[in-house]
Amino acid sequence: MSSFHQNSSYMEDADYPGYSGSRNHTHNYLETQDYPEFPGSQNNPGFHHPRSNPHSSGSRTNPDYPYFQEEPDYPGSLSNTVYQDTRSHPFSAHSRTRPDYESSIEPDYNDFRSESYHAGLPMEPDYPGSQSHPGFAGVGRSSMNYTGPRTNLGYLGSLEEPDYPGAQDNSYYHSGSRPHSNLPGSRRDAGYAGSRINSYPDDLGEPDYPGAENQPNSPRFYGKPDYPGAEEGDGYSSSKSLAVIRRGNGPFGMLGRRNEDYPEGIGMVSMEMAGDPRNGYVNPAYTRRISPVCPDRNLLLCAHDWHTSVQGQKLIASLIPMTTRDRIKTIRNQPRTMQEKRELRKIVDKEKNKQSHGILEANCCAQCLGSLSLTYRRTRNGLSELLNYITLWQKRFKVIGGKFGTSVLSYFSFLRWLLKFNIFSFVMNFSFIIIPQFTVGAKNTLQFTGLEFFTGAGYFGDTVMYYGFYTNSTIRHRMGGASYNMQLAYIFTIGACLVVCFFSLLFSMAKYFRNNFINPHIYSRGIAKLIFCWDFTVTHEKAVKLKQKNLSTEIRENLSELRQENYRLTFNQQLTRFSAHVAAWLVSTGVTAACCVAVYYLAEYNSEFLKTHRNPGAVLLLPFVVSCINLAVPRFYSMFRLVERYEIPRQEVYVLLVRNIFLKISIVGILCYYWLNIVALSGEECWETLIGQDIYRLLLMDFVFSLADSLLGEFLRRLIGMKFTSLSLQEFDIARNVLELIYAQTLTWLGIFFCPLLPFIQMITLFIMFYVKNVSLMMNFQPPSKAWRASQMITFFIFLLFFPSFTGVLCTLAITIWRLKPSADCGPFRGLPSFIQSIYSWIDTLSRRPGYLWVVWIYQNLIGSVHFFFILTLIVLIITYLYWQITEGRKVMIRLLHEQIINEGKDKMFLIEKLTKLQDMEKRVNPSALDLERREVEPQIPLHLEELGAAPDLRLRRSAQEENPIA
C-alpha cells in the first residue's frame, strides 16, 4: 500500500523480484536475504499463487497472465480476476470504472484531504475499510453537499491546511473558527482510524500528531520498505526478525492486507494510533511533547540518545583518560547546549569513578587536589561575578555608553577609578593616624560658625583635619604596655599610600596599554562581536533598547575609524593645517605663561594683605581667581578647534588635554614654589597647617565652580541652543572635564601630608560630581557628532595622572621632607631639624638592638643608598626597553598573521573559482555523468527534507491523475 501511493503501481513492492531494494536479485526472490518464509507467504513454494512460480496461473511472470508484471496478484489485488471486489473488473460492484460508481478518485472518509471530488480511478483500493469504499460512513463523495470533502466551504479542515494543534494556519486556536475538534472525520479526532494523528504517515505521508517530526524509530513511511530486514528500516535491530504484525482497532476491522491472518500481512500500514501502548511502539511525542528530534542521522550525538549512540560512546571513551583540564576544555568546545554538556560531564565523571574505584586509595591525593582546585576556581568565579554585580554605577555606565559612546564613558570610568584611590587613602589614614590621635587629642574649645566650611580655618584648624593638631609623643595607655610612635606612623602611612598609588598607576597603565594598544581588534575591529554578540536572554524592553543603542554606537565608531583611515589631505591643505596648529600652540603657551605670572603675584599680594587685614573672606581671593582661570581658559582653548579643524576626534582631544594639563600643572607648580619658598620660610607659627588650608580652599572652590558650571552654565547653554537652532546642542567636552579630575586629584595627593582628611573630602566631591555630571549629560548634551572609539583614552588619562601630576607631587613632598624644617610648636615632627630626621633616629635606635640589625642593613645599603637607586633605575629602564621591543615584535607578528589570513582567504576563493570553472566545463562536455551523479546524491537527502516536499508532490500527482485517470 505504501509503495502504491508513490508509484501508482506495485513495482516498488518489496516482494517484487525486480525490486531495487532486494538484496539478492540473481537467486530468485525466494532466496532474498533474510526474508522469512512463513506460511502463507508469497515466496512460499507451497502457496497456491506464488508470484515466484513462473508456471502459476496467477503469477506475474507467467506470459499468459493478463496483467503481466503490472498489477499485484495477491487476493484482493487490483488485477486479480477472482477477487470479487476488484476495482479493475469493469462489472465489479465497487469498481471505479463502472459507470454508476459513485465514488471519485479521492478517498471518501471524513478526514478526506482532497480539494475537490473527481471521477473514479481504478488504482484506488475499495475493499471494506478502504478510503473509497462506498459503504463508508457518510454520503458518497459525488454529492457536493457532502460534509467531509475539503472542497466544502463549511468543512472545518478545507483547502488542505493542517488543523492539528500547533499548525501555522490553525484558526481554531486563535479565532475560534473551528470549535468542533472531535467532529467525525476531523483530523484532530484521535479515535478515528484514518486520523492524521496516526504516526504511520499512511495518509499522504505527514503525521500531524502534536510535536510530530517524523521520529526516526517510527514505522516506515510510504515508498520505503518496512518489512523485517529492510535496508532502510530504522525500527528493526536485526534483518532476521520475524514478521511484524500490527494489530488494528479501526471501526471496520482490519481486512485485506491489514489483517494479520492475511498471507501478506507483513509490514503493512496500520490504522492504529501511534501512541497506543499495546503496539509496543510508544510515540515520543505523546510521552514528551517537546522531545528533541535528531533529523540528521549522521550527527555526532542526538539530543535525546546521544550517550547510547556509537559516536557518543566513542566520545565518552576518549574523554575518560584525559586530565581534568583537558576534559573540561574538550567538553566546552563541543557544539552542544549547556544542558547536554553538563550531562556529558556527569556521564564521564561517573564512568571515570567506576574505572578508578580499584585505585581510589592511590589517587586519593590527586583527587583531593583536583577537588580543591575545582572549588577554588568556582569560588573565584563566584566572587568575580559578585564583584561585577555590586560594582558601583554599573547600570548607569551601560546607559551612558549606549547613548554617548565610549568616548564620553571614559570620563566616568576615570572618575570611578580615582574614587577607588581616595577610598584606599582615607582608610589608611583613618586607621593608622586619625584613630590613634583621637585617643590622646585635647578637646576643641573654638566656636563653629559655619564659615569654616569655605575657609577651612577657625574651628577646623584645631581638629584632626590638619597636620598641626597631631601629637609628637609616643602613645602608651599603661606602663610597660605597647607603644605607638606617631612620628613613624604619620610618615610611614603617608609614604605607604603614595607607594601604593605609584605601583597602582604603573600596573594600570600596563594593563590598559596591553588591552587597548596591543589589541587584535586593531585589525578585526570587533566585527565578529558586533554580529554575534546579541544576548538572547535579554527580554526586558528597556534593556533591549539599551542593547540596540550600544550596538548602533559601536557600528558608528567602526565606520568612523574606517573613514579616518581613508582620509587624505593635499599638500596645500597640510601646509594650511600645520600653520594653524603652530599658531594655536603659540597662543596657548602665551596664555598659560601669563596666567602663571598673574597667580604668583596675586599670591604674594594676598599674603601681604592678610598680614594687615584679618578679614576671613579675604583668604578666598586666591582660590577664586585660580578657579576662574581653570574655568575660562580651557573654554578658550576649545575654540581653537574652529581653526585647526581636526578630522580625527581623538587627536583633537589629545591636543586639548595636553594644553589644559600644561595650564593647570603650571599653576600648581607656581603655587608650590610660593608655599615652599615664601610660606615655609616666613616664620609662621604652623606653616604646614596654612598650606593645608590653602589646598583645602583650592579643592573646595574648584568643586563649587564645577558644580555651578554643570547645574547652571550647561543648562543655560542648552536653553541658548534650543532658542538659536544654528548653535544646536552642545557636546560633552571630554578634555576639559578630565583635566578637572586630574587637577583635583593632584591637589589631593599634594595636600595629603598637610591635611590627612583630604582624601575623604575628595571622595565626597567625586561621588557628588558623578551624579551631577550624569544628570547634566542626559539633559543638556547631545551624542558626539563624530563617533570615535575611546579605548585608548583611559590609558592616556592615567599617563597624564602619573606624569606630570603624580611625579610632580612626589618631587614636592621629597623636597618638603628632606629639605624643609618643621614648625617648632605644632605637628608630630616639632623640634626636629627635618622631617626625615625621625627616620634617622628610629634607625639609630634599632642599631642598638641585635634582633633588628637586618632592618638597619636594608636601610643603609638599599633605601638610603644613592647607588642602589641608580642601579634600580637602570634595571627598570632596561626592562622597559625589552618589553617595548617585545611589544613591537608582537605587533609585527599580529600584522603578518593578519595578512596571512587574508592571503589564505584569497587562495581559497581562487581555488573555488577554478573548481567552479572545471565543473562547468565538465557539465558542458559530459552532462549525462552529472545527471547520474545527481541521481546518486538524491537518495541521500535526509528524511525530513523529503517530507517537506512530499505534500506538493502528491498534489501534483493528483492533478495529473485528474487530467488522465487512465494513466
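Every residue gets a Cβ built from N, Cα and C, even glycine.
Positions annotated as compositional bias 'Polar residues' by Swiss-Prot: 1-10 (among others).
Taken from Swiss-Prot, the feature compositional bias 'Polar residues' covers 21-31 (among others).
What Swiss-Prot lists as compositional bias 'Polar residues' is 53-62 (among others).
Look at Swiss-Prot and you will find 168-184 (among others) tagged as compositional bias 'Polar residues'.
Under the heading region 'Disordered', Swiss-Prot lists 1-240.
Annotation comment: Swiss-Prot describes 1-420 (among others) as topological domain 'Extracellular'.
According to Swiss-Prot, the feature topological domain 'Cytoplasmic' maps to 442-449 (among others). Model confidence over the topological domain 'Cytoplasmic' (442-449) is summarised by a mean pLDDT of 82.
Swiss-Prot lists 471-487 (among others) with the feature topological domain 'Extracellular'. Within the chain carrying the topological domain 'Extracellular' (471-487), a Cβ under 8 angstroms from the stretch's Cβ atoms is held by residues 433, 436-437, 439-441, 827-831, 838, 842, all 6 or more beyond its ends.
The feature topological domain 'Cytoplasmic' is assigned by Swiss-Prot to 509-581 (among others), with sequence analysis given as support.
Swiss-Prot lists 603-616 (among others) with the feature topological domain 'Extracellular'. Beyond its flanks by at least six residues, the topological domain 'Extracellular' (603-616) meets 451, 455, 457-458, 622, 670-671, 674, 678-679, 682 of its own chain at Cβ-Cβ distances under 8 Å.
Residues or ranges marked as topological domain 'Cytoplasmic' by Swiss-Prot on the basis of sequence analysis: 638-660 (among others). Listed as Cβ neighbours of the topological domain 'Cytoplasmic' (638-660) (distance under 8 Å, sequence separation of 6 or more from its ends, same chain) are residues 407, 560, 564, 567, 577, 580-581, 583-585, 587-588, 592, 733-736, 738-739, 784, 786, 788, 790, 792-793, 796, 800.
Under the heading topological domain 'Extracellular', Swiss-Prot lists 682-694 (among others), citing sequence analysis as support. Within the chain carrying the topological domain 'Extracellular' (682-694), a Cβ under 8 angstroms from the stretch's Cβ atoms is held by residues 455-457, 461, 465-468, 607, 619, 622-623, 671, 675, 751, 753-755, 758, 822-823, 825-827, all 6 or more beyond its ends.
Among the features that Swiss-Prot reports, topological domain 'Cytoplasmic' is placed at 716-749 (among others), with the record citing sequence analysis.
Taken from Swiss-Prot, the feature topological domain 'Extracellular' applies to 771-796 (among others).
DSSP labels the residues of the topological domain 'Cytoplasmic' (818-861) in these numbers: 25 helix, 0 strand, 19 coil. Look at Swiss-Prot and you will find 818-861 (among others) tagged as topological domain 'Cytoplasmic'.
According to Swiss-Prot, the feature topological domain 'Extracellular' maps to 883-967 (among others), an assignment based on sequence analysis.
Contact between the transmembrane segment (797-817) and the transmembrane segment (661-681) is supported by 3 or more Cβ pairs under 8 Å, counting only residues 6 or more apart in sequence. Sequence-distant residue pairs (6 or more apart) of the transmembrane segment (750-770) and the transmembrane segment (421-441) include at least 3 whose Cβ atoms are under 8 Å, placing the two stretches in contact.
Here the transmembrane segment (661-681) sits apart from the transmembrane segment (421-441); fewer than 3 CB pairs are under 8 Å, leaving out pairs fewer than 6 apart in sequence. Listed by sequence, the residues of this chain that lie at least six past the ends of the topological domain 'Cytoplasmic' (716-749) yet keep a Cβ under 8 A from its Cβ atoms are 404, 407-408, 410-411, 414-415, 418, 421-422, 425, 498, 501, 630, 634-635, 638, 653, 656-657, 660-661, 664-665, 668, 695, 698-699, 702-703, 706, 758-759, 761-762, 765-766, 773, 777, 779-785, 790, 793, 797, 800-801, 805-806, 808-809. Sequence-distant neighbours of the transmembrane segment (695-715) (same chain, 6+ residues past either end, Cβ-Cβ under 8 Å): 453-456, 465, 619-620, 622-624, 626-628, 630-631, 671, 730, 740, 743-744, 747-748, 750-751, 754-755, 758, 761-762, 765, 768-769, 772-773, 776, 779-781. Sorting each residue of the topological domain 'Extracellular' (603-616) by its DSSP state yields 11 helix, 0 strand, 3 coil.
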